[in-house]
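Report on the following structure.
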Amino acid sequence: MLTSARQLLDLAAQAADYKLGERNNTALLFFFIIVAITLVITYWAAKKTKTSSEFYAAGRSVSAAQNGLALAGDYMSAASFLGISGMVAMKGYDGMVYATGWLVGWPALMFLVAEPLRNLGKFTFADVVAFRLRQTPVRIASAIGGILTVLFYTIAQMVGSGNLIKLMFGIPYLWAEIIVGVVMLAYVLFGGMLATTWVQIIKACLLLFGVSLLTVLVLVKVGAPTDLYAKVAHEYGQKMLEPGALAKNPLEAVSLGLALMLGLLGLPHILMRFYTVPDAKAARKSVLYATGLIGYFYIIIPIVGFGAAVLIPGGQAAIKAIDAGGNMAAPVLALTLGGTPFLGFIAAVAFATILAVVAGLTLAGASAYSHDIYVNVIKKGKATEEEQMHAAKRATIVFGIFAVGLGILFKGQNVAFMVGLAFSIAASANFPALFMSIVWKRFSTQGAVAAMLTGAFLSVGMILLSPTVWVDVFHNASAIIPLKNPCVISMTASFIVGIVVSLLSPDPLAQAKFEDEKLRTYLGVGAE
Amino acid sequence: MAYTASNISRAEPKINQSATQVIESADFKRLVSLRWTVSMVLLALLFVTYYGYILLIPYAPEFMTTKIGEVTTAAIPIGVGVIVVAFVLTAFYVGWANKSYDPEVERLKNTLRK
C-alpha cells in the first residue's frame with residue numbers, strides 16, 4: 001500500500017518533470033522576486049520591532065483593512081486554493097460544499113468572540129481565558145490546546161507544501177522543507193508580527209489577483225458560467241453539477257460543519273491577529289473585510305476548478321496523471337491559459353501562500369510558549385522586556401526547527417486527518433473555554449482546565465480511533481469510532497465538563513471579577 | 001501555599017464608585033443584553049442557513065438536483081447563496097454596531113470618566 005503510494009508519487013513527479021520541465025526557471029524567478037520583496041519588508045519591519053508588543057502584536061497599529069487582508073491571507077492556505085480547485089475539477093459540486101464550510105466560521109467569529117477578545121486580551125487567546133482565573137493552571141491548559149492545534153496545522157501545511165513544491169519546481173522534498181523553514185524563520189524572527197502581517201497582505205493580494213485572473217480567462221474562453229456548466233455536463237455528465245457522496249451521512253456532515261465553523265474560533269494564529277488592531281471597532285471591521293475577501297475567493301474558485309476540467313487538454317485524466325489528488329488543476333490550467341510565465345506566477349503564489357501561513361502559525365506557536373508558559377507561568381508575569389523578546393525568539397527558532405523536522409518525518413502521510421485534527425482540537429479545546437470565560441460568570445479555574453483538557457484529548461483520541469487513522473493509516477478492518485470528524489461529540493463534552501466542574505468548584509473571586517471585566521469586555525475600558 | 005502565585009498575578013478588584021454605578025445601571029445592562037440578543041439572532045440565522053444547506057443535500061436530493069437552467073442545478077445558486085448570506089449577516093452586525101452600539105458605548109464611557 002505504502003510502496004504503491006510512493007510509486008504513484010514518483011510517477012507523478014516524473015510526469016511533472018516531463019510536462020513542466022524547464023518552466024521551473026520561470027517559476028523560480030517569480031518565487032525569488034516575491035521572496036525578495038517580502039524580505040525587504042521584513043528588514044523594514046525589523047527596525048520597528050523592539051518591544052514584545054511590537055513583536056507579537058505589531059504595536060497594535062495595523063488598520064482594519066490591513067488586518068482584514070492579513071486575516072484572509074492567514075486563512076486562505078494552499079489547501080483552499082489548490083485543494084478546492086482540484087476537488088471541483090475532479091469531483092465537481094462536492095468541492096463547493098467544502099468551500100461553503102470554510103467561510104461560515106467568519107460570521108460566527110464576529111458574533112461570538114471578536115470584540116470581547118480584542119478588549120480582554122493582550123497577545124494570545126489564553127489571556128482572555130485566564131483573565132479572572134488562576135493564571136498557572138489555565139495558562140498551561142491553554143498552551144496545550146493552542147500548541148496542539150498549531151502543531152497539527154503546521155504539519156499538514158509542511159507536508160502539503162513539500163509535495164507541491166517538489167511537483168512544481170522540481171526541488172527535492174527535503175530542500176523544499178528547509179527553504180520554507182529558513183525563509184519563514186527570517187520573516188518571523190526579524191520582523192515579528194509586523195513583517196508577518198505584511199507578508200500576509202502581499203500574499204492575499206497576489207492570491208486574489210491570481211485567482212481572479214484565472215477566473216476571467218476561463219470565462220473569456222468559455223462564456224458565461226452557465227456555458228461552463230453546460231460544457232462540464234457535456235463532457236463528464238450531469239453528476240458533476242450535483243452534490244454527491246460528501247453529505248450522504250447527515251451526522252458526519254454536521255460534525256464536519258461544526259468543526260469547520262467553530263474551529264475557526266479556536267485557531268490561535270487567527271485569534272492573535274485581533275490584537276494587532278487598535279480597538280474593538282477595528283477588530284469588527286477587519287472581520288467584515290476578511291469575510292468579504294474570503295467569500296469572494298470561495299465563490300470564484302469553483303469556476304477555476306470547472307475550467308480546469310474542461311479546458312486542460314486531456315481533462316481530468318491529465319490532471320490526475322500529474323497529481324493523484326488533483327492538486328495541480330489550477331497550476332496546469334494556468335499553463336494552458338497563459339503559458340509558462342503564468343504558470344510561474346501561479347506556482348510562486350502557491351509557494352508564497354504556504355510560506356505566509358507557516359509564518360503565522362509559527363508566531364502563534366511561539367507566543368503560546370513564550371507568553372503563556374515562560375512569562376506568565378515560569379516568570380510569574382515578572383519578565384523584563386528583554387527576557388520576553390529573548391524567550392519569544394528562542395521559541396520561534398525551536399518551533400521553526402520542529403516544523404521542518406515534522407514536515408520531513410511525516411512525508412507521504414495523509415494530511416487530511418491532520419487538518420481535521422487541528423480544527424477539531426481548536427473547536428473542542430480552545431473555543432468552549434474561550435466562549436464560556438467571556439459570557440459565563442460562574443466559570444471557574446477548574447472548569448476551564450477540565451474543559452480544555454477534555455476537548456483536546458477527546459478529539460485527539462477519537463480521531464485516532466476513527467476511520468481516517470484507524471483504517472487508513474493503521475490498516476485495521478473497521479474503525480472503533482465510525483465518525484470521521486469527532487467535533488460534535490468532543491465539543492459538546494468539553495462544554496458539559498466545563499459547566500459541571502465549574503458548578504462543583506465555585507470561585508467567588510473570579511465571579512467578583514466578572515463584573516469588573518464587563519466594563520472592559522463591552523466598553524473597552526482598560527483594554528490594551 | 002498553593003494560592004500565593006495566583007494572588008500576585010491576579011489584581012485586586014478595583015471598582016470605583018462610578019464604575020460600579022455604570023455596571024449596575026439599567027442602560028449598561030440593556031446594552032449588554034441587546035448585544036447578545038443581536039448576536040444570537042444573527043447566529044441562529046447563520047445556523048439555519050448553513051446547516052439547512054448541509055441537511056438539504058441528504059434529505060432533499062431531488063430538490064437540490066432540480067435543473068433550473070439547461071444543466072445548472074438548484075444546488076449551485078444555493079451554495080453561492082449561503083456564502084452571500086453569511087457575508088450579509090456579518091455586514092448587518094457591523095452596521096448595527098456602528099450605528100447603535102458604539103454611540104451608546106461612548107456615552108457610557110463618558111459617564112464613567114466623570
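The backbone N, Cα and C atoms fix where each Cβ goes, and this holds for glycine too.
Predicted automatically and left uncurated, TrEMBL annotations should be read as such.
Here is what TrEMBL says about this protein:
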- A:27-46: transmembrane segment (TRANSMEM)
- A:96-117: transmembrane segment (TRANSMEM)
- A:138-159: transmembrane segment (TRANSMEM)
- A:171-189: transmembrane segment (TRANSMEM)
- A:201-220: transmembrane segment (TRANSMEM)
- A:253-275: transmembrane segment (TRANSMEM)
- A:287-312: transmembrane segment (TRANSMEM)
- A:342-370: transmembrane segment (TRANSMEM)
- A:391-410: transmembrane segment (TRANSMEM)
- A:416-440: transmembrane segment (TRANSMEM)
- A:447-471: transmembrane segment (TRANSMEM)
- A:483-504: transmembrane segment (TRANSMEM)
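When each of the listed stretches A:96-117, A:138-159, A:201-220, A:287-312 is scored by C-beta pairs under 8 angstroms to the transmembrane segment (A:342-370), A:138-159 comes out highest. Among the recorded stretches A:171-189, A:201-220, A:287-312, the one sharing the largest number of Cβ pairs closer than 8 Å with the transmembrane segment (A:391-410) is A:171-189. A:138-159 is the stretch from A:27-46, A:138-159, A:253-275, A:287-312 with the greatest number of Cβ pairs below 8 Å to the transmembrane segment (A:447-471). Listed stretches A:27-46, A:96-117, A:138-159, A:171-189, A:483-504 were compared with the transmembrane segment (A:253-275); the greatest number of C-beta pairs under 8 angstroms is found for A:96-117. Among the listed stretches A:96-117, A:171-189, A:416-440, the one sharing the most Cβ pairs under 8 Å with the transmembrane segment (A:138-159) is A:416-440. Here the transmembrane segment (A:27-46) has Cβ contacts under 8 Å with residues 168-169, 183, 186-187, 190-192, 194-195, 198-199, 202, 206, 343-345, 347-349, 351-352, 355 of the same chain, all six or more residues outside its ends. Remote same-chain residues near the transmembrane segment (A:483-504) are listed as 251-252, 254-256, 258-259, 262-263, 420, 423-424, 427-429, 431-433, 436, 440, 442-444, 446-448, 450-452, 454-455, 458-459, 462-463, 466-468 (criterion: CB distance under 8 Å, separation of at least six residues from the stretch ends).
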